[in-house]
């Protein structure tokens, strides 16, 4: 069912100005996006918006003026918002995703990644909303890839543990919810440090200084536009099929180390890469990370859900605004 509300506009004509009232149709399908100010959340918000959904995006520190301010740790505020908006779907993108920050702020990370997710699951169930909880490949230890949805999790760090606890809390409190595990993400960042992939670009551009790049951990960089499309496809399939629930995996299919990512970035922009040095030793002293947490995505592929953008295409779209050499940017894109 679609709702209607009034909108006003000013009409100008020679010698005359008038205020005109129009009936505006509001799409009947309502989506609530948490973490809508973040890298993935922005992409999900845009994907649903462009596909005729009435979308309410929520954020915290960067919420105003575009998005609704919402403290996910305020259970009463979460309940009030969901009861008022009555979404058909909630895409839960908000999380503390940085492993090093989780290690240094464990209590806050647990509140956001676990407790807030549990509360959201309960409220979603209360209004009959389909909830997609975005999780991580870090729930696995990376020793026996590829990992299926029913593979036994064994997170190596606190971030992975909080995401796994969040999964279990969501599925325990909302049997109709879905968990979508994804790997490291990149996309249209507001600053290079917003993604563990795009932050590498400065190492590529400043070729006057050699840079040691990790060539040990195996990653599958995934474009946020692809994940957003999968969220939309899952949601629209769920509207027709209530069996769409439980755990799913989605990932890019190009296996790359950080060294290989930076070489691909250099290739995408025709930049030198000889200053980049591969380091094959396992990092020492850092927060433990899985060697190869590759996700098996066949469960979604078998039901015709998925979208993949080649890394060199997606990374070029994401990084060209940050090119130091503006001449190249003008030549290629204008």
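The backbone N, Cα and C atoms fix where each Cβ goes, and this holds for glycine too.
In the three-state DSSP scheme, residue 185 (NADP(+) binding site) is classed as strand. Residues annotated as NADP(+) binding site in Swiss-Prot: 37, 38, 39, 40, 60, 61, 62, 71, 72, 93, 97, 159, 185.
According to Swiss-Prot, the region 'Required for interaction with MAT2A' annotation covers 319-334, on the basis of similarity to another entry.
Model confidence over the region 'Required for interaction with MAT2A' (319-334) stands at 69, taken as the mean pLDDT rounded to a whole number. Shown are the binding-site residues 72, 185; the one with the most C-beta atoms within 10 angstroms of its own C-beta is 185. A sphere of 10 angstroms centred on the C-beta of residue 97 (NADP(+) binding site) encloses 24 other C-beta atoms. A 10 Å cutoff on Cβ-Cβ distances gives residue 60 (NADP(+) binding site) a total of 18 other Cβ atoms nearby, all chains included.
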